[in-house]
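According to Swiss-Prot, the feature divalent metal cation binding site maps to D8, H10, H42. Marked as 4-CDP-2-C-methyl-D-erythritol 2-phosphate binding site by Swiss-Prot: 8-10, 34-35, 56-58, 61-65, 100-106, 132-135, F139. Annotation source Swiss-Prot lists site 'Transition state stabilizer' at H34, T133, citing sequence analysis.
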Amino acid sequence: MRIGLGYDVHRLVENRKLILGGVEIPYEKGLLGHSDADVLIHAIIDSLLGACALGDIGKHFPDTDSRFSGISSIILLEETGKLLLKSGYAINNIDATIIAQKPKMLPHIENMRKNISIALNIDINKINIKATTEEGLGFTGEMLGISSQSISSVESII
C-alpha cells in the first residue's frame, strides 16, 4: 500500500463560477485559476499522483499549456485515473477536506462524491469528503480563498 498527500488553494474572485468536486455551487464569487480552479479535485489529483510517485498536477497538466485553459478539473481527474491504471495502481480510498468559511458545503458533498466516483470509475464508498472552516482566521476565514487537502491510498495491481 502507498499513500499520497495533496493540497491546493485558490483565491476567490468575482465573475467566476465556484466549482468544487465538479459541482457548481451557487455563490457570489468563484475561484481564480487557469482551469476551473477546483481546489478539491486538484488536491485529490496531487494525492493520487504522489501515492504513485508520478509527480504532481503541474507536471501532467501545466498551467502554461493552453489545452488546459478553462478545462473542467473532472476531465483532469479522469486522465489521472487512467494514468494510475496504466502505471499499475488501483485506488484504495480518498479522504479529502475542503476549508472554506462560506458557502456551506454539506448540501453538495454527495454530488461531489458521485462525480469523483464516476471520473475515477471507483466505488463511491472509497471516497470521503469533509468540510470545515478556520473560524474566521487566515485567508479562508477572511473569505479570500478556499483550500483543500487530500490523502489517498493506492495499491499495486501488477
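The backbone N, Cα and C atoms fix where each Cβ goes, and this holds for glycine too.
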### Task
Looking only at C-alpha atoms, tell me how far H10 (divalent metal cation binding site) is from F139 (4-CDP-2-C-methyl-D-erythritol 2-phosphate binding site), rounded to the nearest Å.
10
### Query
Within 8 Å of the Cβ centroid of the divalent metal cation site residues D8, H10, H42, which other residues of the same chain have their Cβ?
V9, L31, G33, A37, D38, V39, L40, I41, A43, S147, S148
### Task
Given the recorded positions D8, H42, T133, state which is nearest to S35 (4-CDP-2-C-methyl-D-erythritol 2-phosphate binding site) when distance is taken between Cα atoms.
H42
### Message
Say we define neighbours as other CB atoms within 10 Å of the CB. Which of the binding-site residues S35, T132 has the fewest?
### Response
T132
